[in-house]
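To start, the structure itself, in structure tokens.
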Amino acid sequence: MIGRHKHCIALEDFSREEILEVIDLAASMKEVLQRPIKKVPSLRGKMVVNLFFEASTRTRSSFETAAKILSADALNWTSSSSSVTKGETLVDTARNLEAMRPDVLVIRHSAGGAPRLVAEHVGCSVVSAGDGAHEHPSQGLLDCFTLREKLGTLEGKTVAIVGDVSHSRVARSDLHAFPKLGAKVRLCGPPTMMPAGVERLGATVHTDLREAVDGADAVIMLRIQHERIGDPLIPGTREYSKVWGLNAKKAADWLKPSCVILHPGPINRGVELSPEVADGPRSVILDQVQNGVAVRMAILYLLAGGAGEEARA
């Protein structure tokens, strides 16, 4: 359990204390990643099934790595090689996999609400690895962990989220989590890529990039979610990059010296971020990837019923 939760589906559901429970444990889990032998017996005998209906590099490999470091058995399932291609429904697929008695189902799906639907029909814990444009809770948690690690705290800090906010499940999870940890959130992007009503969550909305990043402690850059966009919402990527992309000159002129830059990946280099910025000293993007393993270890440990001090044994 994470606090009162059997599942990890949306950070909208999580309290400040529950978010801190995960990232505090992740700090301990990260120590395991620094060891020569990256293996602990915490979830020996447990099974984690990764159920991915959408392409993924970082998230699926991160959950698989997290499970294996904790000594759990990990089964990777992809829709292209399954009975889904023969017309099997999501619920039937999940129930058949659950009949194999896994302890945790990790699911990514293009439809918002899919993990919650699955959770209503299975007895094991369910973790959302991203559902449509709804949420991506483990990414939100690893962003919280990375920011706390780099900034010391989120209390009183300002985070700017820039790009295709409307179609970004990462932005939604971050927007639900950051204010609970005391951070102020600014959203910036084209008006056509800004969801309605985000002000009620405490965020301020900007269309001017310089204004949005002025004095920010961290900037999270988002890619354009072409796969979720029907009609064109911007004139073109070149024009988008000129207005909302972050290059070395803008970073040097507009960002304060201590500001760090994050990106959930994959990066469209030369669009939202120039290579010089993505690979530069402000970037903590690869730290996010490493921290993602630690955070997902913490999630699996808490939900699969890891015992005692074995997490750090």
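Including glycine, each Cβ sits where the backbone N, Cα and C put it.
According to DSSP, P266 (carbamoyl phosphate binding site) is assigned to coil rather than to any helix or strand. Here Swiss-Prot flags R58, T59, R108, H136, Q139, G265, P266 as carbamoyl phosphate binding site.
What Swiss-Prot records for K86, R169, R223 is L-aspartate binding site, and it gives sequence analysis as the kind of evidence. Here the Cβ of R223 (L-aspartate binding site) has 19 other Cβ atoms within 10 Å, regardless of which shown protein chain they belong to. Secondary structure at R223 (L-aspartate binding site), taken from DSSP and collapsed to helix, strand or coil, is coil.
Comparing H136 (carbamoyl phosphate binding site) with R223 (L-aspartate binding site), their Cα atoms are 15 Å apart once rounded. Counted within 10 Å of its Cβ, the other Cβ atoms near R58 (carbamoyl phosphate binding site) come to 16, all protein chains included.
Within 10 Å of R223 (L-aspartate binding site), judged by CA to CA distance, lie the following binding-site residues from the set R58, T59, R108, Q139, P266: P266. DSSP assigns R169 (L-aspartate binding site) to a helix.
Within the group of binding-site residues (G265, P266), the Cβ with the highest number of other Cβ atoms inside 10 Å belongs to G265.
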